């Protein structure tokens with residue numbers, strides 16, 4: 001069951017195959033970093049804003065700060081949802097995903113090399129078909145790199161290569177009808193017995209593993225298979241990041 005790679009999914013992929021990934025840099029003009037990431041039918045705009053100075057609680061520490069915000073457009077999904085700003089309250093899911101993105105990016109930044117400067121990432125989901133948080137991490141990293149390179153060019157930091165310690169990306173995995181699969185679209189995610197999001201660095205270490213059993217508990221063998229799938233997917237996503245960043 002765990003090694004079955006002959007199953008063909010509804011979208012024609014193998015169980016260990018990513019959806020088509022496209023990363024477009026310089027998607028908008030104003031931000032220091034701006035990326036559109038497309039993972040299948042999921043599309044997220046990720047922007048990075050570099051600001052000299054840090055929040056009050058970080059002042060005089062000699063350290064920088066990286067933070068993130070996540071949101072979805074009202075019609076990113078099949079049915080319209082009100083903007084959270086209109087409702088007057090940021091939802092728990094939004095807070096959770098924003099913190100996830102921030103943690104993943106901070107995990108590959110040398111805050112001392114960044115100095116007392118702040119980089120804010122904004123991840124706005126234009127179209128959602130599963131994996132929006134993982135696409136946000138993967139796209140936001142590329143926007144972050146562009147912002148750090150901008151800061152070096154404008155002499156806000158000494159060395160971009162010192163600030164950027166490693167790559168980071170994230171991907172979803174899950175167990176569907178007893179079979180572990182990589183990179184779940186919404187139709188699979190909604191049926192998953194186990195759903196997991198895994199963020200990894202370019203050196204193969206983990207920053208985040210979020211895993212939940214929905215319909216039945218998962219066993220140790222399935223966990224190992226899911227992590228193997230996530231490692232494969234993240235290596236391929238980081239190859240896509242490198243390819244996008246090599247275009248200048």
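Each residue's number is its place along the chain shown, starting with 1.
Placement of Cβ uses the backbone N, Cα and C atoms for every residue, glycine included.
Computed from a predicted structure; not experimentally measured.
Checking the candidates 87, 93, 106, 162 against Swiss-Prot: the one annotated together with 131, 132, 133 at the phosphate site is 93. Under the DSSP three-state reduction, residue 131 (phosphate binding site) is assigned to coil, being neither helix nor strand. The phosphate site is set by 93, 131, 132, 133; from the centre of their CB atoms, other residues of the chain with a CB within 8 Å are 70, 97, 125, 128, 130, 134, 135, 136, 197.
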